[in-house]
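One structure is given below, encoded as structure tokens.
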């Protein structure tokens with residue numbers, strides 16, 4: 001029996017040939033990725049969606065105008081909520097998430113922010129009485145909520161948000177107000193036309209004193225008519241680079257009054273007589289953001305692996321050029337350049353997916369501890385997720401773009417599916433914190449770590465490598481030295497030396513009289529580089545540990561190849577840092593490159609099987625180039641013919657404007 005479970009009669013022979021080369025079971029790798037029950041449930045959900053026309057698109061959705069896209073998405077949302085429980089377990093975030101991906105693809109689910117940010121914010125920040133009052137109604141979808149934090153003039157700098165919530169002791173109400181144009185809430189997903197409630201982040205004022213940003217539950221539309229409530233101005237911000245099914249919106253408050261108990265009060269409280277009680281830890285109020293950053297990693301990895309699926313499959317059915325004259329055109333995946341750009345994207349996708357599981361588990365563990373008053377690891381988590389969010393979003397965008405370009409001209413077409421994936425993914429570089437700011441937040445944590453070490457204080461587990469000053473020589477190629485370990489140690493050296501160097505420069509400038517703020521700004525680029533090296537080290541170690549825990553020998557061997565490619569690629573990508581301090585020489589770096597190129601050859605026979613094991617259905621993939629059956633060209637022509645422009649031979653606009661011009665030109669002859 002073939003090891004690849006996707007072989008079917010009628011497939012393109014070139015793709016079948018690739019699947020027959022598999023050296024591991026694709027079903028077993030799928031189980032390793034998803035877990036056995038979920039892997040099977042995903043297949044069942046995908047099959048069930050195909051049986052329900054109300055959940056499918058009548059035509060490729062890229063051919064629809066925006067208004068039709070939004071209406072189509074809302075119609076399918078109702079179908080999902082009415083019939084979805086027959087398809088999947090709604091209490092399972094994994095099953096529901098897969099159903100949403102099957103039905104909506106990349107372009108947006110109208111209830112995404114409701115489930116991903118609005119509800120988690122209430123669950124994490126509302127006190128027990130508030131949760132009992134609001135959560136059941138939100139779960140039943142009696143109303144739809146979103147999370148309104150970002151403003152027209154401010155995003156990442158929460159302290160500078162301008163929306164105010166002023167407490168009126170006389171009426172025991174908060175007055176929400178938008179004092180300037182730049183204070184308009186701007187960008188929240190599902191705000192423009194969908195949501196009727198928001199959790200609004202606003203500066204809390206009591207007796208003229210600011211207590212910083214806090215969250216408030218505010219009704220913005222009538223529950224019966226959906227008309228805006230008095231004092232509310234709300235709408236859609238217009239077309240975007242991607243996610244145009246999503247109604248990202250703007251919102252203005254004009255002295256809108258809400259009850260005192262509409263402030264989320266698990267961590268911060270305001271009594272009836274206006275006494276403010278702050279949270280035990282300043283980061284507790286950032287729970288919703290931290291949750292989203294924790295879940296983003298797997299989401300971004302998912303898009304990378306979808307793009308890799310498309311590009312790798314297509315590269316095995318696309319033939320172009322000869323390697324050896326007279327032997328005929330070859331599959332473009334035979335070219336080393338194609339392997340390098342695609343297999344490194346594949347490696348990053350698998351790394352981020354498996355590490356994303358670890359991040360999710362770490363978040364859930366620390367979140368549970370926080371509920372019981374233990375906030376010791378919250379700073380570590382916040383710093384880690386700041387770096388992870390930045391690195392994974394940026395590097396994922398690069399990987400997806402490489403996949404698109406690897407598909408040649410056809411990759412530029414929406415028929416490939418990749419342009420939309422890129423447009424959706426790249427938004428992650430700016431939402432939930434702009435990447436440069438996120439890296440600098442983590443850098444403050446790293447600089448503090450160096451200072452703690454200098455004062456003999458204990459370091460957190462994440463930073464203990466900073467004390468390993470004996471790691472001062474690259475040991476690759478030495479007898480008895482494992483490749484993986486040598487590469488991890490190299491990444492440790494890169495991170496430690498980079499952090500040490502920029503911290504020393506900061507301290508030197510401040511000792512010479514420069515203010516801390518100016519010293520920081522003069523070193524901001526190097527500080528972001530230090531954060532990148534630390535985060536990439538953490539990802540590498542976490543990925544290695546995850547692969548080493550795999551019990552199935554064949555699967556562990558298959559993912560070890562991916563792991564080693566990931567490690568060699570990361571070290572080569574940052575090899576300039578190895579020369580600083582004399583850690584490595586050019587011959588040693590050349591050895592790493594040679595190892596990387598050999599891994600490309602080793603991975604090549606299993607390339608299609610790796611992406612097949614990730615199991616993205618054609619329904620979700622929405623790609624002609626990445627079809628499971630590999631029958632690309634006939635279906636590319638079919639896709640083009642379904643274009644609404646081709647419904648008539650002569651466009652009315654041609655008849656109205658261009659034909660008279662051409663006929664008039666002839667009459668002048």
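Cβ atoms are placed via backbone N, Cα and C, with glycine included.
Look at TrEMBL and you will find 26-144 tagged as domain 'Acyl-coenzyme A oxidase N-terminal'.
In the three-state DSSP scheme, residue 150 (FAD binding site) falls into the coil class. Note on residue 150 (FAD binding site): other Cβ atoms within 10 Å of its Cβ, all shown chains, come to 21. What TrEMBL lists as FAD binding site is 150, 189.
Positions annotated as active site, proton acceptor by TrEMBL: 432. A coil conformation is recorded for residue 432 (active site, proton acceptor) in the three-state DSSP classification, outside any helix or strand. For residue 432 (active site, proton acceptor), the same-chain residues that are 6 or more apart in sequence and have a Cβ closer than 8 Å to its Cβ are 289, 292, 293, 296, 389.
Annotation comment: TrEMBL describes 486-662 as domain 'Acyl-CoA oxidase C-terminal'.
Shown in sequence order, 108, 112, 113, 146, 243, 246, 247, 248 are the residues of the chain, 6+ apart in sequence, with a C-beta less than 8 angstroms from the C-beta of residue 189 (FAD binding site). The DSSP secondary structure for residue 189 (FAD binding site) is coil. In terms of DSSP secondary structure, the domain 'Acyl-coenzyme A oxidase N-terminal' (26-144) contains 89 helix, 0 strand, 30 coil.
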